[in-house]
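*Asks:* Sharing a structure here in structure tokens format.
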């Protein structure tokens, strides 16, 4: 995944035409599009190849099962044309290894959730988030998912993994996270959903957030 804008669109809409229109409108400002259950359950896996005309696709299925089932899920995900899959780490090393094994066969990537961005994410996942981050690095995952709503946790995770893994960070916009803060904290990409796809002009909303990120990099340099 090439880093240009450092922004990923979380396209959690349920209508095919709306999804394609938004993807086309904001493609200039995003490095990837993250799709999840709302869109896939409503439209089918076929939407992935259509969206891939505009940007690389990350399947946010938070895969969390036994190794054999994880392999089957990941096979279907990559056969559908996705470039990466998001999986849970709390299921353990063997389940994670199964996902990474299939991703390697397809030449694709795996992102592991260390912590989720909503308030409840601090209840059970945060206490084991650092252990999950270490496991993901040891297993050879491509990256981690860490919360933009808690930039200090992104900083902590970055210190643990160094530059071994990339960090993508959800929660910018509607959940209260600020793009510039989480980039400064150590994230490689921010994930933005409702602040873009629910905006009156998704393109303009994406442009403004991209400009905010660019300004943060200019300030750092």
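Backbone N, Cα and C atoms are what each Cβ position is placed from, and that goes for glycine too.
Annotations for this protein, taken from Swiss-Prot, read as follows:
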BINDING   12, 34, 60-69, 117, 170-180, 193-194  substrate binding site
ACT_SITE  62  active site, proton donor
*Asks:* With the cut-off set at 10 Å between Cβ atoms, which of these binding-site residues ends up with the most neighbours? Options: 173, 177, 193.
*Replies:* 177
*Asks:* Sort out the sequence-distant neighbours of residue 12 (substrate binding site) for me: same chain, 6+ apart, CB within less than 8 Å of its CB, listed by position.
*Replies:* 36, 38, 39, 193, 194, 197
*Asks:* Where does residue 66 (substrate binding site) sit by DSSP, helix, strand or coil?
*Replies:* coil
*Asks:* Using the structure shown, find which entry in 62, 66, 117 (the binding-site residues) has the sparsest Cβ neighbourhood within 10 Å.
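*Replies:* Among the binding-site residues 62, 66, 117, the sparsest Cβ neighbourhood within 10 Å belongs to 66.
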